[in-house]
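Visitor: A single structure is presented below for examination.
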Amino acid sequence: MGHDQEEEETPPSTPTTTASAARKDQEEETWNHQKQTLILELSEKLITGDLQAKIEAARDIRKVVRKSSVKTRSKFAAAGVIQPLVFMLLSPNLDAREASLLALLNLAVRNERNKVNIVTAGAVPPLVELLKLQNSGLREVATAAILTLSAAAPNKPTIAASGAAPLLVQILSLGSVQGRVDAVTALHNLSTCKENSTPILNAKAVSPLINLLKECKKYSKFAEKATALLEILSKSEEGRVAICDSDGGILTLVETVEDGSLISTQHAVGALLSLCQSCREKYRELILKEGAIPGLLRLTVEGTSIAQERARTLLDLLRDSPQEKKLASSVLEKIVYDIATRVDGADKAAETAKRLLEDMVQRSMELSMNRIQHRAASCTPAKVPSA
């Protein structure tokens, strides 16, 4: 019966609708044929033409690809355009390098196979050379290209070993807003490469990352990547010293614990925990001085399971006597246990501790909201995009 009902609900074909569909199919077939002819013409021009013809072909490829589907990108690759475009990256002519760079960047977007083929064709060394240029426009397009190519897992070891990372770190300080965003994202992509035999980051990255984290919304995707990199840097002594020495370094991490997304708070508390675990005597007072306790208390309730555990461990380290025997099952209950005992006696201490904790979390949330409203009223808009 269901089948009969479906047949009744399907409108019957009419000569008009059939003709319309046929005409649409014919138009689509004609357009696909024209596009395929154009792809072959541009490929031929790119491979056999003189320098000016190659530049024009590269520019035309970029224009066509920008408004086309993933399938069109694949068809260009199948027509053999990737290798000659990579060769153009080595040209002494800056127009040729820019045209080929933009064409390759557009061919790589949303096409994993093209990303891998571009790196396989040898694009990374000339891209690294472009990162060294004083020409800020080319340098930042090269940064965008490395960001795009580093999103493909097979490319990460090649790019990580290329020497691109220190140049990307320079862009964190010198680049435009978009250039810095792209550099952070590219470095984040490379930091996830398990094949890295040596760290891609050094302590020089800390100060610009802290400055960028100050400027952006703490719950943004950008903040998540910046705090992930700072957590990695906090694992080394040089990185920890740099965080401590950066203007507002610890405070910025504390503010991220208060106002960040689930991911950025997890990374921020991880960085603070690395500091305190490495040398409690050195970092305990510095973290306490920046008012970390309310945010950490809230994180033990609202954070991810990893963030909750890190917050509890850090709160334990921030207590006066971290080695003292725990009186309750959780670190937080231990923190308020003595108060609870004095308020309601030992019999009801655990229940009172829980209620006190809930009150503290609620109060910290109100304080955080007041602080956010105050910042919104007194600060200029964030310079770094929220994306």
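Quick reminder: no glycine exception, Cβ is built from N, Cα and C everywhere.
Whatever TrEMBL says is automated annotation, not expert-curated.
Fair warning: this is a prediction, and the values are worked out from it, not measured in the lab.
Pasting the relevant annotations from TrEMBL:
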- 1-32: region 'Disordered' (REGION)
- 22-32: compositional bias 'Basic and acidic residues' (COMPBIAS)
- 80-122: repeat 'ARM' (REPEAT)
- 122-164: repeat 'ARM' (REPEAT)
- 163-205: repeat 'ARM' (REPEAT)
- 183-329: domain 'U-box' (DOMAIN)
- 204-248: repeat 'ARM' (REPEAT)
Visitor: Determine how many residues of the domain 'U-box' (183-329) DSSP places in helix, in strand and in coil.
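Guide: Computed counts for the domain 'U-box' (183-329) are 106 helix, 0 strand, 41 coil.
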Visitor: From the DSSP assignment alone, can you count helix, strand and coil residues within the repeat 'ARM' (80-122)?
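Guide: Counting residues per DSSP class in the repeat 'ARM' (80-122), I get 31 helix, 0 strand, 12 coil.
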Visitor: For the repeat 'ARM' (163-205), provide the mean pLDDT of the predicted model.
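Guide: It averages 89.
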